[in-house]
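Engineer: TrEMBL feature annotations, pasted as is:
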| type | residues | note |
| --- | --- | --- |
| BINDING | L161, T162, F189, P190, S191, D192, D279, H282, Y304, W360, N388 | pyridoxal 5'-phosphate binding site |
| COMPBIAS | 329-338 | compositional bias 'Low complexity' |
| MOD_RES | K305 | N6-(pyridoxal phosphate)lysine |
| REGION | 329-352 | region 'Disordered' |
Amino acid sequence: MDFAATANEIRAGNKPSFDDSLAYAQSLDRADPLAPLRSDYLFPTKASIKSKTLTRHHHVDGTAGLNSAADANANANANDPDDEPVLYFCGNSLGLQSKTTRSSIYAQLDTWHALGVNGHFTDPDGSPLVNWQDMSADCARKSVALVGAKDAAEIVYMNTLTVNIHMLLAAFYKPTAARSKIILEWKPFPSDYYAISSHVQWHGRDPAHELVEIWPHGEHADPASLYISTDQILATIDAHAHDAALLLLPGIQYYSGQLFDMATITEYAHARGLVVGWDLAHAAGNVDLRLHDWNVDFAMWCTYKYINAGPGAIAGAFVHERHGHVEWSAAPASSSHPGPDPQDQPSEPVPVFRPRLSGWYGGDKSVRFLMAKQFQPTPGAAGFQAGNPSALDLAALSGSLDMFARAGFPNLRNKSLVLTAYAEHMLHRILADEHANNDTPAFTIVTPPNPAERGAQLSVLLRHGLLDKVQALFAEKGIICDKRKPDVIRVAPVPMYNSFEDVWRFMHALREAVGIPAKSG
Ligand SMILES: *Cc1c(COP(=O)(O)O)cnc(C)c1O
């Protein structure tokens, strides 16, 4: 199979024909140019997830003696199936650790050991990392293509995702008497909902009045559907073109897996005077993003899902260049931009910039250590930082982003389109073998069938009562997959490290769990 050609077929709306056998899945893995990446990732084993005792790997470079899935497949004691890697379909929740990420963290520990405080300014030869001062900018540089920024100045790594929602709402949510509402969707990730509601309250307003939720039950929609059409979103924007200040949606809805048309929605909302932000937690590292060209005002994402930087790793933020300018004014400082006391320094120019929640790491590097009272932000997104970011966190992120450079994001997305289409095909095969006398099928796929409206994830709504069976069998077989009570599993085949054989084995187990044996051999 030519993955790029097949991906283009899928993009054009054609479903490729896949075979159902294990041998066929293995042949796709042999044809997959990205298959070697898998050997860089460290999979839990069936034994390690059950064990109550941690096995520690005390090696100087942190990687010796560790088995990746490929090593484990090659080396595992054939008699002990517990040494096999688990089937990991949870990269939409926490991506796996790569050896590259691991050795970046060790390099940072060595830098700290060797240089102490001088690590802030020194670029040691032989290190994959730059000095601590420049690490966030270096990670921004490595992310330009990943999020479609104009350049690194539109990106900053700082804080965690929820904190970045707060920081950016502080800078971008400016309710006025006429326009104060925020448009969001019906089922935001709870943290987003709490953050948004709290900003409304912080402005002395009532979320019950200010939040406009877009529900999936459009006029003619199937009540069971979770799909929200672009038309419905545009109609909501129209209905609130006079009283909404801001629209904040997820690029991909975490529960349904629906990918929204960010370009169209952003342009439409801008034309009606709204500020537009996107939460890219499930989109970054998963689907194509062109934030600058789409003219997005701001966006933020975590890096521990598809970007694989580790649990709770430092988060990303995008601020469009038009909002990041720092200009100099000789005029007396306005009340919203307090400058030095005009009596002391009557003609001193002051920096003029979009007000934000500031701290010294948002301050320009050239003057950061002068410890002046006048805040002078770094132009661009970096000026929205507050405190000193964790160099260990940034090391993990740096290594994780190196894996994207190695893979080439277009190659990852091509594989992802094929891998998810294959998973969808295998799900349909299970349903096709179900006895037709059952009114309610064993499951329905609630993620849109249109590949332009989804990323890697397929959300599968099980017939009520089946989740416990699936959960029990997955636990027994060492399959890790996200469940959302009452009835949804969110299956994410990740192109960076999942194989077609993984998908085949997963589907084989799901078949067994829902009690639908294969009809043909
Ligand atoms: C994963 C996720 C979060 C988590 O936020 P943290 O601050 O990283 O804990 C928030 N919002 C969305 C949409 C998510 O998918």
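Cβ atoms here come from the backbone N, Cα and C positions, even for glycine.
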Engineer: Which of the binding-site residues D279, Y304, N388 have a Cβ less than 6 Å from any atom of ligand 1?
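Structural biologist: Only D279 meet the Cβ criterion.
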Engineer: Which residues in the same chain, at least 6 apart in sequence, have a Cβ under 8 Å from the Cβ of Y304 (pyridoxal 5'-phosphate binding site)?
Structural biologist: L94, G95, G310, P311, G312, A313
Engineer: Pick from F189, S191, K305, N388: which of these recorded positions has the biggest number of other Cβ atoms within 10 Å of its Cβ?
Structural biologist: K305
Engineer: Whole number in angstrom, please: the longest C-alpha to C-alpha distance across L161, T162, F189, P190, S191, D192, D279, H282, Y304, W360, N388 for pyridoxal 5'-phosphate.
Structural biologist: 31
Engineer: Per DSSP, Y304 (pyridoxal 5'-phosphate binding site) is which: helix, strand or coil?
Structural biologist: coil
Engineer: If you measure F189 (pyridoxal 5'-phosphate binding site) to K305 (N6-(pyridoxal phosphate)lysine) at Cα, how many Å is it?
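Structural biologist: Approximately 14 Å lies between the Cα of F189 (pyridoxal 5'-phosphate binding site) and that of K305 (N6-(pyridoxal phosphate)lysine).
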